[in-house]
Amino acid sequence: MMGRNQSVISEFLLLGLPVEPEHQNLFYALFLVMYLTTVLGNLLIIVLIQLDSHLHTPMYLFLSNLSFSDLCFSSVTMPKLLQNMQSEVPSIPYAGCLTQMYFFLFFADLESFLLMAMAYDRYVAICFPLQYTTIMSPKLCLSLVVLPWVLTTFHAMLHTLLMARLSFCVDNVIPHFFCDMSALLKLSCSDTRVNELVIFIMGGLILVIPFLLIIMSYAQIVSSLLKVPSVRSIRKAFSTCGSHLSVVSLFYGTVIGLYLCPTASNSTVKDTAMAVMYTVVTPMLNPFIYSLRNRDMKGALGRVFHKKKTLFSL
């Protein structure tokens, strides 16, 4: 028994996407374009917020952190996926697998907390507009950014350490395109009850509670609007909350669909498709949602380009 530890195997094989070999190059080009779009789009939002003083507000502080989280979240899985799609042996070292799992959990959890912070910001802005600057003080905003980074660090480390104690003996094939925690638990030849219990408890704290707080924030916003109904106030609320609601729907919709819906006979294909949605598609779409539906972002983009054009003309 002493010899049956995680050192029995030195690497895992990632099966990747359920794609026919003749379509492999097409999907490689598609995912490469999607990844580059994700990187450039989120970098553009971060740079715009840094360059334009009009965007130095709590909402855009959270948005810049969300964009950084999206960029990193996609980078945890996409480069390895692209590499393995061009490799004859799509493997990942044991240590690399645990590292990927750690950062995957870290940035997924961070996104959940940041979406909650953005929902609270919208709640204060609409329900308490006169006290907004007092409530959303620099100290509170800093706390709403720093605290998620600290909590997600410990949460991801907890799951990684619990995974590191498990034994992996014979089967090292992961039917996924990244080191998914549930897939690794199925491969383990150790008792995984402690891991599953921690996943159940911490999953409720990290994902369900922020989601419920977001729902409560928007319930309060709707209640506030109904007390003094007007077309102008409803339009203003929709313009400030529409982008955030779209991002929340994309992120939590796919996560709930993956982890809470009953599994079917084609669960592996479904799990992979849903994972692609929230690891690849959602981080790519977020910059488009915030730039195309947000007048402040479009205005900032125009001002930055105008400054550049003025500098080049001199």
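Just so you know, glycine gets a Cβ as well, placed from its N, Cα and C.
Features of the protein shown, as given by TrEMBL:
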DOMAIN    41-290  domain 'G-protein coupled receptors family 1 profile'
TRANSMEM  26-48  transmembrane segment
TRANSMEM  101-120  transmembrane segment
TRANSMEM  140-158  transmembrane segment
TRANSMEM  197-216  transmembrane segment
TRANSMEM  237-260  transmembrane segment
TRANSMEM  272-292  transmembrane segment
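Against the transmembrane segment (272-292), stretch 26-48 shows more Cβ pairs under 8 Å than any other of 26-48, 101-120, 140-158, 197-216. Looking only at the domain 'G-protein coupled receptors family 1 profile' (41-290), the predicted model's pLDDT averages out at 86. If you count C-beta pairs under 8 angstroms between the transmembrane segment (197-216) and each of 26-48, 101-120, 140-158, the highest count goes to 101-120.
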